[in-house]
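Engineer: Sharing a structure here in structure tokens format.
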Amino acid sequence: MNTQFKLIGFDLDGTLVNSLPDLALSVNSALAEFNLPKAPEELVLTWIGNGAPVLIARALDWAKKQTGKVLTETEVKQVTERFNFYYGENLCNVSRLYPNVKETLETLKEKGYVLAVVTNKPTRHVQPVLAAFGIDHLFSEMLGGQSLPAIKPHPAPLYYLCGKFGFEPRQVLFVGDSKNDIIAAHAAGCAVVGLTYGYNYNIPITESNPDWVFDDFAQLLTIL
């Protein structure tokens, strides 16, 4: 066990789980109800990372450019609600854990690290997704988009973990795939690993200057 770090926090989408196919399906199902075009999966990928409301706002902005159709504030809220409905029904139809995630998490847990999830994903979806892959029991805390007043890239979730478990920021390592993860960790004073395989708006994670850059989740064991 690395004696510097006591707690390891993880992003969810694009870090632990490849959820893009189910997210894209749910976005397009919601758009279709309002006679809006279907977005390519590779485009939906660039919209992920700031929570459901921002995801839908980006989708509607794209749809507006395609069709010229502008939705009312009420309709925008309805699209978001329909997205949440469809995603709730399709959390893990085709989503998959990334390679070596479960085994690596189990090893870290056995080594004595406190594990936590910090995601901007709607809070009500977090535990069900983790449970679907049989890894929810490995985490001592699971924070979603509605768990706290602020979400990443704000450092509040990491400060919360420090306070709850009694650790200093230097004792926390965060692992994510997006610039939001790197910014939040740096702002909180935590070390951070950037993963290259996730959803960072098609921007290389190296540009956000994480402390380590890994291509494979199992590489965490080289520093822990």
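Along the chain as shown, the residues are counted starting at 1.
Using the three backbone atoms N, Cα and C, a Cβ is placed for every residue, glycine included.
Keep in mind the model is a prediction, meaning the values are calculated, not measured.
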Engineer: Look at the Mg(2+) binding annotation in Swiss-Prot, where Asp11, Asp13 are given, and name the residue from Asp136, Asp177, Asp211 listed for that site too.
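Structural biologist: The candidate from Asp136, Asp177, Asp211 that Swiss-Prot ties to Mg(2+) along with Asp11, Asp13 is Asp177.
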Engineer: Going along the chain, which residues six or more apart from Asp11 (Mg(2+) binding site) have their CB under 8 A from its CB?
Structural biologist: Val117, Val118, Thr119, Lys152, Phe174, Val175, Gly176, Asp177, Ser178, Asp181, Gly198
Engineer: Within 8 Å of the Cβ centroid of the Mg(2+) site residues Asp11, Asp13, Asp177, which other residues of the same chain have their Cβ?
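Structural biologist: Checked against the 8 Å cutoff, the neighbours are Leu12, Gly14, Thr15, Leu16, Gly49, Thr119, Gly176, Ser178, Asp181, Leu195, Gly198, Tyr199.
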Engineer: When DSSP states are folded down to helix, strand and coil, where does Asp177 (Mg(2+) binding site) land?
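Structural biologist: DSSP assigns Asp177 (Mg(2+) binding site) to coil.
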Engineer: For a quick check of understanding: among the binding-site residues Asp13, Asp177, which residue's Cβ has the most other Cβ atoms within 10 Å?
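Structural biologist: Of the binding-site residues Asp13, Asp177, the most buried by Cβ count within 10 Å is Asp177.
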